[in-house]
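Taking it in order: structure first as structure tokens, then the write-up.
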Amino acid sequence: ISPVSDLHEEGKNAINAPLLPSATEIHPEDTLLEENAERIMLDPTSRENPKFKDLVKVLIDWINSELEEERIIVKDLEEDCYDGQVLQKLFEKLSGRKLNVAEVTQSEIGQKQKLQTVLEAVNNTLRPHGWTLEWSVDSIHSKNLVAIVYLLVALAMHFQAPIRLPEHVTVQVVVVKKREGILQTAVVAKELTSTTDRMMLGRFAERDAFDTLLDHAPDKLNVVKTSLITFVNKHLNKLNLEVTELESQFADGVYLILLMGLLEDYFVPLYNFFLTPESFEQKVHNVAFAFELMQDGGLKKPKARPEDVVNLNLKSTLRVLYNLFTNYKNSD
């Protein structure tokens, strides 16, 4: 039996007998566990979960697009991320910081030292923003796929990666512990992604007025919506355009771009955006371009991500429009 199929068998048995002393054949590595130590591995059925596979593919494609200039190609997260090399390059690209680590390290000690440096930099960046750190040097180096995915999801969300992560991805992990010399197994559910909106709160630890409004005062929401619709139509009417629904009519970015041109009194050349966007990517391009126009006009960078507006996320759309309203409500 290969070690891989052995591990898979162990995972299956763990599901059938949670928290009971394991009577199954144990993987040799487990017998080396020290008292109260534990080993965590992804349950084989979760590995085949379509949503989990989709999440892994999105992350791999994202890393490869970010590291294209480095000529780094990731094919397998476990095999390509465990030694710290890819994680180092990815963090440097995202953060614009150069880390002081050895370029190539073959030895296990060297790899762990590099990982330690990279993860310290990552953790110092993410921790102040409320992220729970679900990874460690040992879990990444031991090719724990769940820990690697947790880390990559946090980086993607924090640095506003231009990707759409599948929502509500939960996997089962098998936990093997040694207690009083006896190996015990349990199966635990781990939520890798929730809703985009909840994950965004990991990045913006503080809650704003729109969280309060939607959670506690939905009756006032229509008042805010009406005010915003009146504001945008006052300007869009000049182009014989009219908005009746905030959630959907700004989702492709076209009205946002035209609105910025009207508010700042300039014509936006049609070659700069897609007037009739068809794909998700074209819509994201439009909204991101509108965000650039807002920043050019002196506004702060919107808290929302372009992807959230395209995905009809009401809270994100309200945040963007309210930002325009407070800055331009007195303009003709």
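Every residue, even glycine, has its Cβ placed from backbone N, Cα and C.
The following features are taken from TrEMBL:
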- 1-12: compositional bias 'Basic and acidic residues' (COMPBIAS)
- 1-21: region 'Disordered' (REGION)
- 53-160: domain 'Calponin-homology (CH)' (DOMAIN)
- 222-329: domain 'Calponin-homology (CH)' (DOMAIN)
Tally of DSSP helical, extended and coil residues in the domain 'Calponin-homology (CH)' (53-160): 74 helix, 0 strand, 34 coil
Secondary structure composition of the domain 'Calponin-homology (CH)' (222-329) [DSSP: H/G/I, E/B, coil]: 73 helix, 0 strand, 35 coil
